[in-house]
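Database features (Swiss-Prot):
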{"type": "ACT_SITE", "residues": "E92", "note": "active site, proton acceptor"}
{"type": "BINDING", "residues": "G18, S19, M20, F21, S22, G23, K24, T25, D91, E92, G93, Q94", "note": "ATP binding site"}
{"type": "BINDING", "residues": "C148, C151, C180, H183", "note": "Zn(2+) binding site"}
Amino acid sequence: MSEFSYVHTRGWVEVVVGSMFSGKTEELIRRLRRAEFARLQIQVFKPIIDKRYNEMAVTSHDLTTIDSTPIHDAEEIWNLLKPNTKVVGIDEGQFFGQNLVQIAQDLADRGLRVIIAGLDTDWQGKPFEPMPTLMAVAESVTKQHAVCVVCGAPASRTQRTAGGDGQVLVGTHDAYEARCRQHFKPEVDAPTLDWKLKREMEIS
C-alpha cells in the first residue's frame, strides 16, 4: 500500500525511498499538498545542511517547492511542533541521526501522520541509515525509481561522479547520476562519460 487515507484518530509512518532523481521529494510534496487540500495542518522539516535550491523550502529537482523549517537534529521537531499539526513531512531523512526512527514512531503514536523521504542506499550501494530502519518500522514504504543515464532502464542506485569519499556529499547533477544495477560503479572518481557515444560504440 503506497499511501493511506487519513484517519484522524490514528497515526502512522510513511517512507518514500529511492536513488537520487527518482522523484522522492516530488512525491513527498504531492502527499503534503493533498493533506493541505483536506484542510489538515502540516509541518515540514529538512536538514539544515541541504541548501541546494532553497534554504527555507523543500525543493525537488524539478523545482517544485513547499515551505519547510531547516533543523540540525530531529529532536528539534518536538520544540517546533504546533498543537494543531496533523501531518509531519521530513525530507532527506538520511541526513538525520538514528534518533529519527524513535521520533517518527513517537509522533505516530501521538496520532500524527509522518511522511519521510530519503535515500535508502549511499553512493557505495550500502544501506543509508536511518532510512532502512525506518522502512522496517513504517506502515507504508514506497520505492521510487529514476532512469539510468547509461541505458534508460529503471535506476535504483546513485552514482557519485565527483568529490571526496565520505558518505555525505550534498549535491545534484554536478556530483551524482542515477544508475541501474548493471551500470553502477561505486568508485568515488568515476567519470561522467559520454554515454550516447559509448552506446553507439557498443552497437557498432
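Cβ from N, Cα, C; glycine included.
Recorded features from Swiss-Prot, shown on the structure.
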residue: G18; record: ATP binding site; DSSP (3 states): strand
residue: K24; record: ATP binding site; DSSP (3 states): helix
residue: D91; record: ATP binding site; DSSP (3 states): coil
residue: C148; record: Zn(2+) binding site; DSSP (3 states): coil
residue: H183; record: Zn(2+) binding site; DSSP (3 states): coil
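M20 (ATP binding site) has a Cβ environment of 22 other Cβ atoms inside 10 Å.
Nearest Cα neighbour of C148 (Zn(2+) binding site) among the listed recorded positions (M20, K24, E92, G93): M20. Here the Cα atom of C180 (Zn(2+) binding site) is found 12 Å from that of S22 (ATP binding site). Checking Cα-Cα distances from E92 (active site, proton acceptor) against the binding-site residues (S22, K24, C151, H183) with a 10 Å cut-off leaves K24, in sequence order. Other than C148, C151, C180, H183, the residues of this chain whose Cβ falls within 8 Å of the Cβ centroid of the Zn(2+) site are, in sequence order, V149, V150, G152, A153, A155, R179, R181, Q182, F184.
The binding-site residues examined here are G18, G93; by Cβ neighbour count within 10 Å, the least packed of them is G18. Here the recorded positions are D91, E92, and the one whose Cβ sees the fewest other Cβ atoms within 10 Å is E92.
In this structure, the binding-site residues under consideration are K24, H183, and the one with the smallest number of other Cβ atoms within 10 Å of its Cβ is H183. Just so you know, the Cβ of C180 (Zn(2+) binding site) picks up 21 other Cβ atoms within 10 Å once every protein chain is counted. Within 10 Å of the Cβ of C151 (Zn(2+) binding site) there are 15 other Cβ atoms, across all protein chains. In this structure the C-alpha atoms belonging to D91 (ATP binding site) and H183 (Zn(2+) binding site) are separated by 27 Å. Taking only the Cα positions, the spacing between H183 (Zn(2+) binding site) and M20 (ATP binding site) is 15 angstrom. A distance of 16 Å separates the Cα atom of S22 (ATP binding site) from that of C151 (Zn(2+) binding site).
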